[in-house]
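Going by Swiss-Prot, these are the annotated features:
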type	residues	note
BINDING	C27, C30, C46, C49	Zn(2+) binding site
DOMAIN	23-282	domain 'CoA carboxyltransferase N-terminal'
ZN_FING	27-49	zinc finger
Amino acid sequence: MNWFTRVRNSLGFGPKRTTDKDLWVKCPSCAEMLFAQEYEENAQVCPRCDHHGRISADERLRQLLDEGYEVLPQPEVAEDPLKFRDSKKYTDRLKQARAKNPHADAFTVGSGAIDGHHAVVGVQDFGFMGGSMGMAVGTAFCAGAERALRRKCGYIVVTAAGGARMQEGILSLMQMPKATVMTRRLREAGLPYIVVLTDPTTGGVTASYAMLGDVHIAEPGALIGFAGQRVIQDTIREQLPDGFQRAEYLHKHGMVDRVVHRHQLKHELATLLGYLQPAEAA
């Protein structure tokens, strides 16, 4: 027995302390270590650099809607009609995503009020397969629009998606015109359709309902575009401006109406509903 072993054995060690792994979070922008409770109480906005973190659909609904709102059930759709498989079965990917998420797919609809103004809010959750748009997302989007038409109130959609869901092929792309038809019905009914663009909003979602709103609001720093910057540069063989797909650049060039901090978003939406919503609904 050497001296180190003797000393170690003579020391009295208390029980091993356990630490909650969720006690701290690291800001993806400034890399600052943040106390998780402080971060959550600040609407998951970094108090150091003001980076807006990605949040779940449930948290978004809690932030935007008054107490007592209703979460609509997820419409039933055919699962995996193409029997798709890449490195694993599509059905297995869905099971994995659902094991980490309380909802059946990436689009959740809440019906309630925003500072007293009746509203239906649809939220895409990037945490569920990158928020990708498939049949379930398209059907849920339309169900939210139908609820707004019945209630004669505004429809607010918060986007966060990597694009169409490749595992559903053409059936995924069919959701683009389907959602577009619903936005037209809202317009014909004189009901406001407001889009909140969050990080990231790309691909087929950007090419359809994300850019068809009466008003487009973006969160600070949100990535918004169709194709990625590298793909565009390789196609046009030109260097693109810094931040050309970020919310602030798009606002400066007229693609976005407002860039609104998450802390002010609920008030901003309530103000817009007061202006745009029919008197009986407002």
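Glycine too: its Cβ is placed from the backbone N, Cα and C atoms.
Predicted, not measured: the structure shown is a model, and the values here were computed from it.
Residues C27, C30, C46, C49 make up the record's Zn(2+) site, and a Cβ search at 8 Å around their centroid adds P28, S29, A31, E32, L34, P47, R48, D50, H51 from the same chain. Counted with DSSP, the zinc finger (27-49) comes out as 6 helix, 4 strand, 13 coil. Within the same chain, residues at least six positions away from C27 (Zn(2+) binding site) with a Cβ under 8 Å of its Cβ are M33, L34, C46, R48, C49, H51, G53. Tertiary neighbourhood of the zinc finger (27-49): same-chain residues 55, 59, 63, 221, 261-263, selected by CB-CB distance under 8 Å and a gap of 6+ residues from either end.
Mean model confidence of the zinc finger (27-49) amounts to 95 (pLDDT, 0 to 100 scale). Neighbour counts were taken at the CB atom with a 10 A radius for the binding-site residues C30, C46, C49; the maximum falls on C46.
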